[in-house]
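Visitor: Sending over a structure as structure tokens; questions will come in a sec.
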Amino acid sequence: MDMKKINWFPGHMVKTRREITANLKLVDAVIEIRDARIVASSQNPEIDKIVGDKPRIILLNKADMAEDQVTRRWKKSLENENTLVLEVNALTGKGLNAIKPTLNELLKDKIARNKERGIVNYTIRAMVVGIPNVGKSSFINRMAKNAIAKVGNRPGVTKNKQWIKTKEGIELLDTPGILWPKFEEETSLNLAFTGAIKDEIMDTETLALRLIERLSHHYKERLIERYALEEFSEDPLENMDNIARKRGCIIKGGEIDYMRVAVMILDEFRSAKLGKISLEWPEVSDD
Ligand code: GDP
């Protein structure tokens, strides 16, 4: 496949890694956000190394657009001693009320130690990390919406860090750590399908064609239903042509308007008009 390479300046990666590592020292826990539709592709390749054994919550965000059963399997496969996983929707706030209890659980030893030392209302501090478009800003905004107050600069203590105080009493570092994605073909395709990287890796028509091809594995019925297809072909291009005809994406002379049909298919997928769709599954499942 002729795919343009996505660029992430190596110097930028070094700087980001350094910044996040420095910020880690200021927080009790990390809130890593991923896209529930592409849980593997929306992971930064170095995140485990960067976070180490720091307590971590992984938010499988946009769970409203992924298949519930698949998201649940991801949750199971990702959880371990230091990591707990929540299925959330940062736009509506669904699932976010579990964050405080989950942080309490992850930090129970620390909280108990503090209690012994007489600190009863310990304020948990966390930082948000994730690759672009997973919903970091939406999440921070949503949490801050109920904020009692935004804590200002505390020179000398936090070195100009701004903290957002949530109603639950958590303090979030107000600027998320923006990480880079993996630069692999499969990952790039998934990111492009979901719109995380704009249609920059290949032309829109090819991207839509690849999406039809992908969806025909597990979600053939959705395509048939959505576009009222009378027959489903082995050939994605033939399906694309049929979708175009069904939707009147035709130029004068009866030719297919590929740009129009491509944009339409991508838009409909990205706005979940094809229903809840998961593009990736965990490798092992103990279901
Ligand atoms: P960031 O780049 O990680 O800060 O991501 P944004 O917060 O800007 O979100 C990227 C896009 O995803 C925006 O269009 C949001 O409206 C959308 N978005 C974020 N969270 C959710 C969610 O839980 N569900 C849905 N359906 N869309 C979401």
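Glycine is no exception: its Cβ is also placed from the backbone N, Cα and C atoms.
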Visitor: TrEMBL has Asn61, Lys62, Ala63, Asp64, Asn133, Val134, Gly135, Lys136, Ser137, Ser138 binding GTP. Which one of Gly11, Gly169, Gly177, Gly248 is in the same site?
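Guide: Looking at Gly11, Gly169, Gly177, Gly248, the one TrEMBL places in the GTP site next to Asn61, Lys62, Ala63, Asp64, Asn133, Val134, Gly135, Lys136, Ser137, Ser138 is Gly177.
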Visitor: Restricting to the chain of Asn61 (GTP binding site) and a gap of 6 or more, list residues whose Cβ falls under 8 Å of its Cβ, or answer none.
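Guide: The list for Asn61 (GTP binding site) reads Ile33, Arg34, Asp35, Ala36, Val88, Asn89, Ala90, Val134, Gly135, Ser138, Phe139, given in order along the sequence.
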Visitor: Looking only at Gly135, Ser137, Gly177, the binding-site residues on record, which one has the least crowded Cβ, with the fewest other Cβ atoms within 10 Å?
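Guide: Lowest Cβ count within 10 Å among the binding-site residues (Gly135, Ser137, Gly177) is Ser137.
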Visitor: What does DSSP call Gly135 (GTP binding site) in the simple three-state scheme?
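Guide: SS state of Gly135 (GTP binding site) = coil.
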Visitor: Taking the residues Asn61, Lys62, Ala63, Asp64, Asn133, Val134, Gly135, Lys136, Ser137, Ser138, Gly177, which the record names as binding GTP, find the longest CA to CA distance and state it in Å to the nearest whole number.
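Guide: Roughly 24 Å, rounded to the nearest whole number.
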